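Q: Not my notes, these are from TrEMBL:
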REGION    B:1-160  region 'Disordered'
COMPBIAS  B:24-46  compositional bias 'Basic and acidic residues'
COMPBIAS  B:47-58  compositional bias 'Acidic residues'
COMPBIAS  B:82-150  compositional bias 'Acidic residues'
COMPBIAS  B:272-281  compositional bias 'Basic and acidic residues'
REGION    B:272-321  region 'Disordered'
COMPBIAS  B:291-303  compositional bias 'Basic and acidic residues'
REGION    B:339-419  region 'Disordered'
COMPBIAS  B:362-379  compositional bias 'Basic residues'
COMPBIAS  B:396-419  compositional bias 'Basic residues'
Amino acid sequence: MAAVYKALSKSSGAKADKDTDSSNGAVERKNKQRVLILSSRGVTYRHRHLLNDLAAMLPHGRKDAKFDSKSKLYQLNELAELYNCNNVLFFEARKGKDLYMWFSKVPNGPTVKFYAQNLHTMEELHFTGNCLKGSRPILSFDGAFETEPYLRVIKEIFLQIFGVPQGARKSKPFIDHVMGFSVADGKIWVRNYEIREVEKVKGEGEDENKEDGGDKNKGRKGKGGGGGGGGDKDTDISLVEIGPRFVLTPIVIQEGSFGGPIIYENKRFISPNKVRAELRRAKAGRHVARMEQQRDKLARRRNLGLEGGAKKDSSGLDTRELFA
Amino acid sequence: MAKKGAAQSLKAGSKPKSQSTGGKADKQKTDRRKSNEPAVEKAIDGKEEEWEDADSDENDKQPAPQPISGKETKKRKAVGEELSEEDSDSEDSEDDEEEQGGVDLAAIDDSESESELDSDGEPEKKDDEDDEEEIDVEELSAEDEEDEEQIAAGTRVRQTINNKEGLLTALRRFALDTNPKTVPFAFHQSIVSSKKTEDSIPSIDDDLQRELAFLNQSLEAARQGRALLRKEGVPFTRPTDYFAETVRSDETMQKVKAKLVEVATAKKAAAEARKQRDLKKFGKQVQVQKQQERAKQKRETLEKINQLKRKRQEGGSSALGATEADDIFDVAVDNELASHANKAGHNSKKRSAGDHGQPNAKRQKKNAKYGFGGKKRFAKSGDAVSSGDLSGFSVRRMKKGGKAPRLGKSRRKAMAAKK
């Protein structure tokens, strides 16, 4: 009897738990993400700075020393497990110039490999924004991410790696930046913006703040003090880029983590080596054509006896010979 | 090609099924051809549909290479990545034919989930395409032959793999629940915009437009996010008295600020300089105008004098012996002259500070005789202008050493005799 009662009460209790779960899911639901961030050997300073920037933005990240292999990437799985990470963000540099970025969910995949181009780090001075270290970003995804399955996978992986989980250990309680992911030209463009709350043009009672609105930073601070919690309804949002910015070309998606069957391959991706070779070949082609032309010209001139060295064979019937 | 044969023999087992579905795929293919545009990809339910879709993708490629990304190809050309574009396109279509067998072998080996569908789809595809392949091979250009060489040399070749079923399974396995009805926004903080950003980018090369499109996408997300977070009572704005470490160090921000200031001052200075230049230009105009005015005035005065003189002469001829009248006219002329001189003098005084007029004849004579105006030494030595003057230089003469020098008389004679 007691057992039956226990079972019954347990089931009902579980149900109640579920209910609470759905009502205040924020408490119950766990989004535990930890990201192992590391690079291969042979990264340039730019790649390294980008890595540092990303590490600074991810309070749930764990930066590790350079990984010493480019072929045995499956070893990263063990490494991630060692650090209790369930995501890996791996920078693979090749030839000291090309950067490939691997995003992987560790125990059982998937893995996405990108080719990264147009890197701009936070050090660059044309980005004027700034934000708290470890504040949770709002992730803004392009509508195109919902169209294709492979883009959906990429979106989910970005969501888990770049999204700072709620209540992460080193995260800050305010939200002051947006990360934008857009799809254009078959590539994924990543941007990071600061959210600045500025007074609307028709602000009432905050005109003294508007006076120093020219210095936006100051204006924001002044407003924050005045608004506090609910009073800042009438602020408008403007975005200022913080950096880093980069462009990712998806190359391959693997089912497993650094292994397993390939479930997506981008045929539009052309290896940078190929591009360079093509360029070189085009250049060489020009040179070859020119040399050939020159050779032809020389031969022609020689045949006509115009070139200095070899004179036209003087036959015995030449007028000069005959009437010398 | 040997590989293909192997694949076919391997898949002989699954032939009956494939043939039964082959007709369907065939029909679909012709449909696609008619419409000549890629089918809108719908959500895939079963495996059969999945491979059919992939199959038709393959088939589309045969008549017109890459109709799927035709638009994108154009775009990429604009970007300037076309260098190996043609190459890769033709290569792709080629390689799909060449390597299908090999791919499927691999797929069978390592993927359990897709192996069956691929093997199912494969043989009938071969059947369909066999006749097409002949035509295509004939149409191949020299470039393609080169590609074949590349393939022979063992270059890694890319092909389409887009296993939608596999992708969706993978997605289901690791996706977080972000259903807005059951999960609060603060849990994931991600917003998918309603429209495609690419549609609002006229040209991918236009940096400004492109960045603006990205910014607008993020801005919209930020607005939505703030509204949602406020509704859930999550703090959003940082209070003024909350200080914490920022992503970019103060040092960097200082530099940023310094750069901003520098840029602003540079802009200001440039504007100032432009203004000065314009003023100068305008000043010159004014000067020219003034000179013209002066010249005109002078001309008018002289004309007036001439007129007066003529009048006087006429008057003299008409009224002889009218000395008093002469005097009167003289006075008038004098007045005119005086007034003119006054004006001229006024001007000349101003001018006298700058340039002197011609010195008198005696002085000129003396100057010519004894010399005047700086030293005469080094007058003929070279200076920057003379050394910069290359008008007498000829590349041809420099290279060939000019025409042959004229020989001596005896030698010239000897040459003439030879001829």
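Glycine is no exception: its Cβ is also placed from the backbone N, Cα and C atoms.
Keep in mind that TrEMBL annotations are predicted by a computer and have not been checked by a curator.
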Q: Could you put numbers on the helix, strand and coil content of the region 'Disordered' (B:272-321), residue by residue per DSSP?
A: 47 helix, 0 strand, 3 coil
Q: Per DSSP, what is the helix/strand/coil residue tally across the compositional bias 'Basic residues' (B:362-379)?
A: 9 helix, 0 strand, 9 coil
Q: Per DSSP, what is the residue count of the compositional bias 'Basic residues' (B:396-419) in each of helix, strand and coil?
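A: Here the numbers are 15 helix, 0 strand, 9 coil.
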